[in-house]
Amino acid sequence: MTNIRKSHPLMKIVNNAFIDLPAPSNISSWWNFGSLLGICLILQILTGLFLAMHYTSDTTTAFSSVTHICRDVNYGWIIRYMHANGASMFFICLYMHVGRGMYYGSYTFLETWNIGVILLFTVMATAFMGYVLPWGQMSFWGATVITNLLSAIPYIGTSLVEWIWGGFSVDKATLTRFFAFHFILPFIIAALAIVHLLFLHETGSNNPTGISSDMDKIPFHPYYTIKDILGALLLILALMLLVLFAPDLLGDPDNYTPANPLSTPPHIKPEWYFLFAYAILRLIPNKLGGVLALVLSILVLMLMPLLHTSKQRSMMFRPLSQCFFWILAADLLTLTWIGGQLVEHPYIIIGQLASIMYFLLILVLMPVASMIENNLLKW
């Protein structure tokens, strides 16, 4: 009798992707974040769906509909906070996943890497639009400030901003379209994630050593299914600790004040996961320059395969490159901290130095370090 798992057209796809998939025997916990991102996405779609059942995307009722969800809907508060903090967990997993790719040279899988960068942009766009929906002070002013950046584009900028707003300011039309986009984008993300996996399975997974693991493969199930379940349990534990004990820890108190176009908050800032990019944006005195730096801070990831000068793929056996990688990690934490501070001395100069350091590390120092390591090994 033929095994349905291997003969049924649909089950065959699942089998080849999650059950009989040959996987390297030595992949560490850093390889768990892909599955965790999948879990985060499913969680966000489900909680978001239930929130959308009670939310109204109208400027007059949006804020009160969110309050209504928290106060009157059965377990509405937990759904709302799981969705808000789920986004934070999503970005923690995303940054870890990208960092893993950089450290172990996974960017040499060109298609997988580039789709990953597109996914990162899409998730960032989705999160930004979601932050606007509760229509609090920070929602409104965050939307105003960030969309206004497009006016820096020469010639078409102003028209483009007004077209996105659907008027001459952030208003009802803006909120409605942001809700529509926020609803559809996660499904586009899911589709892109499938393509991401498709390209990954063309080559097979990388591993910590960066060398071919063709001679030593193990089946994905049960080894990595069990490992992924452990990762998922730890993720859910962390999320629920956040939701049940400190739901507003990562939020902004200003968002508990309804949006008021006549009163600007003293300090406009995005959610914590955008602070590093926001710091780079506002520390460049020129508007267009700031916008370009903001886009390049993420787009620079696409250059990673071109900047790979080492004869080895992974950083596992490259101490100098490791050193620069962890300096980059510390630099990103510094930028995140600066993004949350006021634009005043000494934060301005610290931020400018950290911004220069960010681009310098990726574009110059890490490729040079790789060349030095090649020479030291007489390659």
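Using the three backbone atoms N, Cα and C, a Cβ is placed for every residue, glycine included.
Record features (Swiss-Prot):
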{"type": "BINDING", "residues": "His83, His182", "note": "heme b b562 binding site"}
{"type": "BINDING", "residues": "His97, His196", "note": "heme b b566 binding site"}
{"type": "BINDING", "residues": "His201", "note": "ubiquinone binding site"}
{"type": "TRANSMEM", "residues": "33-53", "note": "transmembrane segment"}
{"type": "TRANSMEM", "residues": "77-98", "note": "transmembrane segment"}
{"type": "TRANSMEM", "residues": "113-133", "note": "transmembrane segment"}
{"type": "TRANSMEM", "residues": "178-198", "note": "transmembrane segment"}
{"type": "TRANSMEM", "residues": "226-246", "note": "transmembrane segment"}
{"type": "TRANSMEM", "residues": "288-308", "note": "transmembrane segment"}
{"type": "TRANSMEM", "residues": "320-340", "note": "transmembrane segment"}
{"type": "TRANSMEM", "residues": "347-367", "note": "transmembrane segment"}
Candidates 33-53, 77-98, 178-198, 320-340, 347-367; stretch with most C-beta pairs under 8 Å toward the transmembrane segment (113-133): 178-198
Pairwise CA distance, His83 (heme b b562 binding site) versus His201 (ubiquinone binding site), rounded so that it is a whole Å: 30
Interface-richest range of 33-53, 77-98, 226-246, 288-308, 320-340 toward the transmembrane segment (178-198), CB pairs under 8 Å: 33-53
Result, the transmembrane segment (226-246) in contact with the transmembrane segment (347-367) (3+ CB pairs under 8 Å): no
Around the Cβ of His83 (heme b b562 binding site), the count of other Cβ atoms that are within 10 Å: 21
Fewest other Cβ within 10 angstroms of its own Cβ, chosen from the binding-site residues His182, His196, His201: His201
Separation of alpha carbons, His182 (heme b b562 binding site) and His201 (ubiquinone binding site) (Å): 29
